[in-house]
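TrEMBL annotations:
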| type | residues | note |
| --- | --- | --- |
| ACT_SITE | Y134 | active site, proton donor/acceptor |
| ACT_SITE | K162 | active site, schiff-base intermediate with substrate |
| BINDING | T45, I203 | pyruvate binding site |
Amino acid sequence: MAQLITALLVPFDEQGKLMEESLRQVVEYNITENKVDGLYVGGSTGENFMLDTTTKKNIFKIVKEVAEDRIELIAQVGSLNIYEAKELAAYVVNELGYQKISSVTPFYYKFDFEEIKNYYFEIVKDVEAELIVYSIPALTGVNFSEDQFGELFENPKITGVKYTAGDFYLMERLRSRFPDKLMYSGFDEMLLPAAAVGIDGAIGSTFNVNAKRARQILTAVEGNDLATARKVQAETNDLIQKILANGLYNTLKLMLTEKGIDMGYCHLPMKHYTNEQVEVAQELVKEYM
Ligand code: SI3
């Protein structure tokens, strides 16, 4: 069965300070209520690229303290500062015992493939852990070809990809050519087609509030019950459409706050929520959770 992995939301107060107790609660909620198989920590959903190194380390530490070994944890350590990425990788693997790390493709500067490959090989060089390439071309501008994925996968420590893209032709080509590498899908609204291609897991932000439907989709596809998979994906996409229209991370946080976990605010420069957004989130909880 493909794994369901929540891309973890991280709560911040109005000043942008980590709300530690709420973080503990949202980890526990994902384990006991959402019953997910794992957490992706420090990704886009965790607002990671706006945080300092100390806060990133604190988040990895708290998540591990709460989750212990009950579920799989993947630490996203990627950073434009390669030395920070290496420091975080060493910290999560050697001091906290994470077995998998992940790293976003370096963004902003137009790095060529050789530079990007060196970045990945350098990050894994000194740690004993598997690395999942975090590919999200819409946000990074970095598109790998099938052969370029192949070059990255030549490194035995690079064991898979978190594939956040809508190119199902490339996804299928990678699935067929690299059956031993892990393929995680990243777009929750495309979970059904990704599951049909044969993913090993899905990593998503909306699983914080919609894990049960996501699990139903995976189960239905694996049981060849396409009618159920389509029905549940359609309900899911009604929800995701409304979440996106109301502001993705603010709405996900507000929905969990409505469920009793105070998720605070998004980190500046992201906007703080408005009263209208709160009202929409409350309605979504009534209708979908
Ligand atoms: O890094 C992460 O936190 C993710 O796993 C990201 C994940 O792919 C999400 N993408 C972003 C940009 O947030 C999706 O779960 C996405 O929010 C969802 O499919 C709605 O578009």
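Glycine residues also receive a Cβ, built from the backbone N, Cα and C atoms like all the rest.
Taking a C-beta cut-off of under 8 Å and a sequence gap of six or more, I203 (pyruvate binding site) has these contacts in its own chain: I5, T6, A7, Y40, G43, I74, K162, Y184, S185, G186. The Cβ of Y134 (active site, proton donor/acceptor) lies under 8 Å from the Cβ of G43, Q76, G78, S102, S103, V104, T105, V161, K162, T164, each of which sits 6+ residues away along the same chain. Following the DSSP three-state reduction, the secondary structure of T45 (pyruvate binding site) is coil. Of all the recorded positions listed (T45, K162), T45 has the fewest other CB atoms within 10 A of its CB.
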